[in-house]
Amino acid sequence: MNYDLEWFCKVCACVLCVCRSCTDIICCVLFMLVIAGYIVVGILAWLYGDPRHVLYPRNSTGMFCGIGQNKDKPNVMYFDIIKCATATNVMAAALQGLQCPTTQVPDLYLNSFSIFPDGLVIAMVVSVLFLLLLRFTAPVLIWVLIIGVLAVGAFGIWYCYNEYISLATSTLTFNNVGFTTNVQVYLQVRDTWLAFLIILSIVEAILLLALIFLRTRIFIAIALIQETSKALGHMMSTLFYPIVTFVLLLVCVSYWGITALYPSHTNLMCLCFSPQMFNTTQYPTCPSARCVFINYNTEGLFQKNLFNLQIYNVIAFLWCVNFVIALGHCTLAGAFASYYWAFSKPADIPTFPLIQSFMRALRYHVGSLAFGALILTLVQIVRIILEYLDHKFKEAQNPCTRFIMCCLKCCFYCLEKFIKFINRNAYIMIAIYGKNFCVSAKNAFSLLMRNIIRDVEFRHTSDLWSFMCELKLMTSGLFSGVLAFFFFSGRIQTPGTTFETAALNYYWMPIITVVFGAYLIAHGFFSVYNMGVDTLFLCFLEDLERNDGSPQKPYFMSKNLMKILNKKNKPAKTG
């Protein structure tokens, strides 16, 4: 078939970098200035701070582990490590030197965090195989899920009807019961089960009607999921891009932590220079002499602006983290878009599509990615401030202020979710067409609104699919946790490894860490898959609106999608 090469080249040029230019330059310059300032803050922290706070852990009294009188105890043991997870919010923790609010003492062993079994590798292998097999198993799994949801609803209707019939002789009513906190009492009222029966019947009817009249859109969602699996098969490197994101995030978190720790304890003013250097034998007439902490040094320009520098540290940290995530979204979206807009797959797929997409994002769209990350950062800062105020004045709040605070926190939480949704789709459009952030966000939102019914049905199907994959992620994490339990409990001995359970200070902490790590690994792989599905969906909508199957504007969608929509590309007329 001979199709119009001009249109084909025009679309491919948009996905590649032929017709691109730098976008949102002002925001790019601002982001670079903030990064430069962030580096300056780090240098100041290094010059004026105490490196021992980064190199050595401290106990509750401020003494360092691994040096001085604790030289033979290089590690720190937390009496209640759970309190570290429920400490004050990010800003408060940074301003307080990231100190965990629990008793800490020097300890000899750190075996609970030094060994991580091959359950993490197993989680990675299982995740990769699962995503590749979705190409063949997606239709079956999705229909099993849909039928399962309908079956659960039908069972609920049957159960409510049986309970309603069994309470036929009951004389209890809502008027007799009144208001009570005992839920079991309401379950003895016959009208309760009647209400449940009606609600479940309505929901079941809506689901059945949606399944009947919107089945074509379900087939489209299934086809897009299968197409994403095919894309992953042709671009295996995309599965490992989360490693890049993880490394960049690790750099951001490490730099933020070091910068927050260094200046937090600058120039201690004590009656002695250091607890490790103080010797009571130097004062024989005063046997009770001891090193006493007075306060932190507040003199000097750096010390006076320490609070402002910590705030700058938090803001720059959030902006950098959101930029790294945005870079990942745009890079993956560009790779999957290059797959979709390849007319003959896999022959027309560019060489090294992931690397090319990554370089395009850095060369042309740093400003746009920084713009979207800045908007999200501002909302997150407001949320942090609200959490800080809520924690600070929690005891002084009355019911009215608590209600207002709760409403504000809920509103900004929803706003953050909405902005993440807008940003995600904007990054996809940036990767496809190379426009600035505002134009891309507007075009993406308008495209989805013009296809609102198809979008809603697709989101529902993909949400159901995501739920199933989340179950798989939890299963992977639990399986790794079981392996970790047998390993750390000594029931599994690896060759050349001697591991004593008695050496563990926290028996469950390494197991929880392995479970959490396995979940993160599986979630990282699935995030790539999810990004691929969203990208192909927007490309599919663009394909439907811009093309008509003619030789001048052929469809780029797969044959399976064209078959579902009863569409086909018309051959060019000859002669």
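Keep in mind that glycine also has a Cβ here, set from the backbone N, Cα and C atoms.
Annotation source TrEMBL lists transmembrane segment at 25-48 (among others).
Under the heading transmembrane segment, TrEMBL lists 115-133 (among others).
Annotation source TrEMBL lists transmembrane segment at 140-159 (among others).
Look at TrEMBL and you will find 193-214 (among others) tagged as transmembrane segment.
Summarising the annotation, TrEMBL assigns transmembrane segment to 235-258 (among others).
Residues annotated as transmembrane segment in TrEMBL: 311-343 (among others).
Sequence-distant contacts of the transmembrane segment (364-386) (same chain, six or more residues past either end, CB-CB distance under 8 Å): 17, 20-31, 89-91, 314-315, 318-319, 322-323, 325-327, 330, 405, 408-409, 412-413, 415-416, 419-420, 423, 426-427, 430, 434, 436-438, 440-441. Here TrEMBL flags 364-386 (among others) as transmembrane segment.
Long-range contacts of the transmembrane segment (426-448) within its own chain (CB-CB distance under 8 A, at least 6 residues past either end) are made by residues 14-15, 17, 19-21, 23-24, 27, 326, 329-331, 333-334, 337, 341, 357, 360-361, 364-365, 367-369, 371-372, 455, 534-535, 538-539, 541-542, 545. The transmembrane segment annotation in TrEMBL covers 426-448 (among others).
What TrEMBL records for 469-488 (among others) is transmembrane segment.
The transmembrane segment annotation in TrEMBL covers 508-529 (among others).
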Long-range neighbours of the transmembrane segment (235-258), counting only residues six or more past its ends (CB under 8 A): 38, 42, 45, 54, 94, 98, 128, 131, 313-314, 316-317, 320-321, 324-325, 327-328, 331-332, 335-336, 339, 349, 352-355, 524-525, 527-528, 532
Non-local residues, at least 6 beyond the ends, that sit with Cβ under 8 Å of the transmembrane segment (311-343): 3, 8, 11-12, 15-16, 31, 34-35, 37-38, 41, 90-91, 94, 227-228, 231, 234-235, 238, 241-242, 244-245, 248-249, 252-253, 255-256, 259-260, 349-350, 353-354, 356-358, 360-362, 365, 369-370, 372-374, 376-377, 380-381, 384, 423-424, 427-428, 430-432, 528, 531-532, 534-536, 539-540, 543, 554, 556-557
